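**Q** One structure coming up, written as structure tokens, with questions to follow.
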Amino acid sequence: MCNTPTYCDLGKAAKDVFNKGYGFGMVKIDLRTKSCSGVEFSTSGHAYTDTGKASGNLETKYKICDHGLTFTQKWNTDNTLGTEISLENKLAEGLKLTLDTIFVPNTGKKSGKLKASYKRECFSIGSNVDIDFAGPTIYGWAVLALEGWLAGYQMSFDTAKSKLSQNNFALGYKAADFQLHTHVNDGTEFGGSIYQKVNEKIETSINLAWTAGSNNTRFGIAAKYKLDCRTSLSAKVNNASLIGLGYTQTLRPGVKLTLSALIDGKNFSAGGHKVGLGFELEA
């Protein structure tokens, strides 16, 4: 069993209630399909309603399951090319090794990362290293799990400056229908979240964050309600009086529609509200 989350996935259930089912100020189309030879294709396009700017990306993925290899190619409209090669569960159960490279043809810029992660039932660890001869940055994280309790640490070290550039701690508790997550980033940013699955139809989440030396406290409440197996409603509000509403409908198997709106509660009659439209297609 390798079910201990990574550091970035701590508190993920609460984040999903706040983030999924919304797409304010944009029209978005996602398409996923798989060829007969096993190559997975996914493409996404965005058009922002306030600026009119459009962007998109294409990703292809091919897995050689017998050898634990996955090859991924990425391209976006900024003309950035990415290649990722990963080896998983072959050298050891729960071990994943990845080489991730990026190339920008317009400028000739090249960059890359070496990644390694290892997951077991009671812990998970990982490290990334930038491929930079001027002085790579080393990233590392670790999560320990014991009887539902989770403790995590995340750091990054800039070898060129011999300086610790990131120093984060997290502590949480995870049960079947309840999750608690707290974190401290660089000793100055504090935050916490609570996730509660009330029943099979209702999920709720609370998020709180503040910065030391500042009166800027951020607080939000979010909920998701499943009307049936095809339809769900989402809503959230924060202490800045920004109200988010979302509606998701599965029109048919493989076709999903998302409508969302962001309302400024302090300036309701002044306009400036945002709406969003999203399509997800899978074949």
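Each residue, glycine too, has its Cβ placed from N, Cα and C.
In case it's useful when we look at the structure, here is the feature table from Swiss-Prot:
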{"type": "MOD_RES", "residues": "Cys2", "note": "N-acetylcysteine"}
{"type": "MOD_RES", "residues": "Thr4", "note": "phosphothreonine"}
{"type": "MOD_RES", "residues": "Lys12", "note": "N6-acetyllysine"}
{"type": "MOD_RES", "residues": "Lys15", "note": "N6-acetyllysine"}
{"type": "MOD_RES", "residues": "Lys20", "note": "N6-acetyllysine"}
{"type": "TRANSMEM", "residues": "26-35", "note": "transmembrane segment"}
{"type": "TRANSMEM", "residues": "39-47", "note": "transmembrane segment"}
{"type": "CROSSLNK", "residues": "Lys53", "note": "ubiquitin cross-link"}
{"type": "TRANSMEM", "residues": "69-76", "note": "transmembrane segment"}
{"type": "TRANSMEM", "residues": "80-89", "note": "transmembrane segment"}
{"type": "MOD_RES", "residues": "Lys90", "note": "N6-acetyllysine"}
{"type": "CROSSLNK", "residues": "Lys109", "note": "ubiquitin cross-link"}
{"type": "CROSSLNK", "residues": "Lys110", "note": "ubiquitin cross-link"}
{"type": "TRANSMEM", "residues": "111-120", "note": "transmembrane segment"}
{"type": "TRANSMEM", "residues": "150-158", "note": "transmembrane segment"}
{"type": "TRANSMEM", "residues": "163-175", "note": "transmembrane segment"}
{"type": "TRANSMEM", "residues": "178-185", "note": "transmembrane segment"}
{"type": "TRANSMEM", "residues": "189-198", "note": "transmembrane segment"}
{"type": "TRANSMEM", "residues": "218-227", "note": "transmembrane segment"}
{"type": "TRANSMEM", "residues": "231-238", "note": "transmembrane segment"}
{"type": "MOD_RES", "residues": "Ser241", "note": "phosphoserine"}
{"type": "BINDING", "residues": "Leu242, Ile243, Gly244, Ser260, Ala261, Leu262, Ile263, Asp264", "note": "NAD(+) binding site"}
{"type": "CROSSLNK", "residues": "Lys266", "note": "ubiquitin cross-link"}
{"type": "MOD_RES", "residues": "Lys266", "note": "N6-acetyllysine"}
{"type": "TRANSMEM", "residues": "273-282", "note": "transmembrane segment"}
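How buried are the listed features, and what sits near them?
**A** The Cβ of Thr4 (phosphothreonine) lies under 8 Å from the Cβ of Lys119, Arg120, Glu121, Cys122, Phe123, Ser124, Val143, Leu144, Ala145, Leu150, each of these being in the same chain and 6 or more residues away along the sequence.
In sequence order, Pro5 make up the list of same-chain residues 6 or more apart from Lys12 (N6-acetyllysine) whose Cβ falls under 8 Å from its Cβ. In the three-state DSSP assignment, the secondary structure recorded for Lys12 (N6-acetyllysine) is helix.
DSSP gives Lys20 (N6-acetyllysine) a coil state; it is part of no helix or strand. Taking the Cβ of Lys20 (N6-acetyllysine) as centre and 10 Å as the limit, one finds 15 other Cβ atoms among all the protein chains shown.
Here the transmembrane segment (26-35) has Cβ contacts under 8 Å with residues 41-49, 276-283 of the same chain, all six or more residues outside its ends.
Counting only same-chain residues 6+ beyond the ends of the transmembrane segment (39-47), those with a CB under 8 A from a CB of the stretch are 26-33, 53-63.
DSSP gives Lys53 (ubiquitin cross-link) a coil state; it is part of no helix or strand.
Long-range contacts of the transmembrane segment (69-76) within its own chain (CB-CB distance under 8 A, at least 6 residues past either end) are made by residues 55-63, 82-88.
Long-range neighbours of the transmembrane segment (80-89) within the same chain, counting only residues 6 or more positions beyond its ends whose Cβ lies under 8 Å from a Cβ of the stretch, are 67-74, 95-105.
Applying an 8 A CB threshold to same-chain residues 6+ apart, the list for Lys90 (N6-acetyllysine) reads His67, Gly68.
According to its DSSP assignment, Lys109 (ubiquitin cross-link) is in a strand.
Cβ-based neighbour count (10 Å, all protein chains) for Lys110 (ubiquitin cross-link) stands at 10.
Distant neighbours of the transmembrane segment (111-120): 1-4, 6, 92, 94-102, 126-132; these residues of the same chain sit at least 6 beyond its ends, with a Cβ under 8 Å from one of its Cβ atoms.
Only residues 6 or more beyond the boundaries of the transmembrane segment (163-175), in the same chain, are considered here, and those with a CB under 8 A from a CB of the stretch are 7, 10-11, 137, 139, 148-157, 181-187.
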**Q** Work out how many Å separate Lys110 (ubiquitin cross-link) and Ala261 (NAD(+) binding site) at their Cα atoms, rounded off.
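**A** The Cα atom of Lys110 (ubiquitin cross-link) is 39 Å away from the Cα atom of Ala261 (NAD(+) binding site).
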**Q** To the nearest whole angstrom, state the Cα distance for the pair Asp264 (NAD(+) binding site) and Ser241 (phosphoserine).
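**A** The separation of the Cα atoms works out to 6 Å.
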**Q** How about long-range neighbours of the transmembrane segment (189-198): same chain, 6 or more residues beyond its ends, C-beta under 8 Å?
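**A** Those are 11, 13-15, 17, 176-183, 204-212, in sequence order.
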**Q** Considering all pairs of residues in Leu242, Ile243, Gly244, Ser260, Ala261, Leu262, Ile263, Asp264, annotated in the record as contacting NAD(+), what is the maximal C-alpha distance expressed in whole angstrom?
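**A** Looking at Leu242, Ile243, Gly244, Ser260, Ala261, Leu262, Ile263, Asp264 as a set, their Cα atoms extend up to 14 Å apart.
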